[in-house]
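Student: Below: one structure in structure tokens.
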């Protein structure tokens with residue numbers, strides 16, 4: 001199946017028009033989930049996913065507190081900020097300017113210097129000085145990556161300069177390890193049809209894997225890190241943590257940059273800790289985890305997901321909304337995948353579609369609790385958007401939840417009937433059932449800005465949501481499909497392709513990895529032709545795909561987390577940098 005056959009179908013064109021304030025009634029129907037104990041029917045045969053308890057309990061969250069106090073370092077941080085701004089003006093050489101921008105971004109400081117970075121990139125695109133770098137592989141690749149990453153129109157044709165008369169990349173390039181590494185990273189920002197970048201990735205990955213240990217140890221460390229997963233696919237806040245430590249090992253490091261990066265990381269970490277405590281109290285008060293014992297209680301994991309998608313400290317409200325959404329998705333997913341009978345699930349889907357408090361009367365007790373949690377939480381989120389930005393977003397939030405539940409019920413019917421969908425049929429439903437659209441639409445209305453409704457129907461927005469969710473789905477399937485099918489679930493993309501093409505699991509997995517590569521190319525196209533107000537959503541879409549790689553890199557990091565997942569949570573949320 002060719003991935004390009006799947007065209008974006010995400011649209012709000014048929015959504016009801018936003019209501020006037022005077023017609024809002026949903027805030028008057030808030031009902032607590034603790035009204036009565038659930039009554040589980042013994043007549044329905046229930047499945048079990050055998051999920052283990054979360055590695056993180058409420059005690060971990062409540063005792064989470066950093067010794068770092070930003071207010072004790074305010075004057076020093078201001079000085080460091082000034083030093084970096086001065087440095088960005090002082091550096092004249094175009095290559096050194098690009099390297100400085102790249103370093104600032106990789107240290108996690110890009111959000112502090114957006115204006116200065118934009119000025120540098122604008123200068124690069126208009127300056128003839130960069131023409132002198134066209135024979136420098138490192139410079140050409142770095143310029144391409146930075147410009148494309150920031151949405152500039154840039155052609156990969158410059159890389160043809162590094163080919164020989166036979167059309168292949170020159171073997172002499174293998175001596176330039178720094179340039180090869182930069183070209184490898186740049187190749188991951190390709191669009192469909194950019195063959196030279198496909199060739200560049202194959203050429204550089206082959207030769208970088210073959211290098212010995214006879215090179216600068218810091219450069220070797222970067223090569224191995226990149227081959228493990230390219231920068232463009234990495235969870236950026238964890239990458240910043242890794243790069244801060246690596247930058248400390250460099251002989252030519254800038255002390256002000258190194259110090260500022262550590263202070264910023266610690267400062268943002270304290271914001272995360274405060275937010276997580278607030279989310280923990282929300283989840284405890286909601287009572288859903290205790291009432292529905294069959295479902296995954298994964299508040300910390302959901303918050304970790306959220307910080308990967310929305311990591312900028314100024315979007316604290318958005319992180320709160322997205323954490324709630326992620327935990328509700330996790331719970332409702334377990335209702336559909338694990339516990340509910342098909343008849344019950346049909347009723348629940350209908351109730352969500354109606355979005356009426358009276359719809360819960362038809363539900364079994366355990367579903368009433370789940371429905372109320374969804375109804376109340378979503379309406380609270382909508383009320384906040386109405387209060388802060390004057391936007392009535394309930395029709396849009398209701399639509400993505402309805403679409404999600406309808407995609408869940410399709411899979412439940414497939415499972416009940418023993419139906420095996422084609423890969424294309426599966427993916428047309430599965431990019432919605434992975435809940436990417438739910439997450440991104442809620443994020444869109446929670447950035448603290450008055451976001452225009454019509455932007456959700458832009459073709460670029462539809463593509464962003466579609467391909468980000470597709471990467472999320474395919475990464476999830478690579479990591480979890482065997483366990484999910486074993487416990488009784490619809491065939492996933494791997495199994496669908498095995499049945500359809502008559503191939504082994506190994507071949508099917510390679511095909512899914514190919515589809516992930518192709519989906520990234522479609523995602524990369526969303527970086528160009530965007531408008532400024534869509535930039536937070538574009539970043540969130542990219543980061544959602546990156547978090548999929550992070551969480552499913554070595555198994556199911558959400559349902560069955562391992563020691564690597566635990567280490568990552570601690571690095572991001574619990575362990576500050578120490579100062580001498």
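Residue numbers in this text run from 1 along the chain shown.
Backbone N, Cα and C atoms are what each Cβ position is placed from, and that goes for glycine too.
What Swiss-Prot records for this protein is below:
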- 296, 333, 337, 473, 476: (2E)-geranyl diphosphate binding site (BINDING)
- 333, 337: Mg(2+) 2 binding site (BINDING)
- 333, 337: Mg(2+) 1 binding site (BINDING)
- 476, 480, 484: Mg(2+) 3 binding site (BINDING)
- 333-337: motif 'DDXXD motif' (MOTIF)
- 1-32: transit peptide (TRANSIT)
Student: Count the other Cβ atoms sitting within 10 Å of the Cβ of residue 473 ((2E)-geranyl diphosphate binding site), across every protein chain shown.
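Tutor: Within a 10 Å radius of the Cβ of residue 473 ((2E)-geranyl diphosphate binding site) lie 27 other Cβ atoms.
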Student: Give the distance between the Cα atoms of residue 333 ((2E)-geranyl diphosphate binding site) and residue 480 (Mg(2+) 3 binding site), rounded to the nearest whole Å.
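Tutor: Rounded to the nearest whole number, the Cα-Cα distance is 14 Å.
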Student: Could you give me three numbers for the motif 'DDXXD motif' (333-337), the DSSP helix, strand and coil residue counts?
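Tutor: Summed over the motif 'DDXXD motif' (333-337), the classes give 5 helix, 0 strand, 0 coil.
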Student: Calculate the distance in Å between the alpha carbons (Cα) of residue 480 (Mg(2+) 3 binding site) and residue 473 ((2E)-geranyl diphosphate binding site), and round it to a whole number.
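Tutor: Pair distance, Cα basis, whole Å: 10 Å.
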Student: For residue 296 ((2E)-geranyl diphosphate binding site), which DSSP three-state class applies?
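Tutor: DSSP assigns residue 296 ((2E)-geranyl diphosphate binding site) to coil.
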Student: Would you give the longest CA-CA distance, in whole angstrom, between residues of 296, 333, 337, 473, 476, the set recorded as binding (2E)-geranyl diphosphate?
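Tutor: The (2E)-geranyl diphosphate-binding residues span at most 19 Å between Cα atoms.
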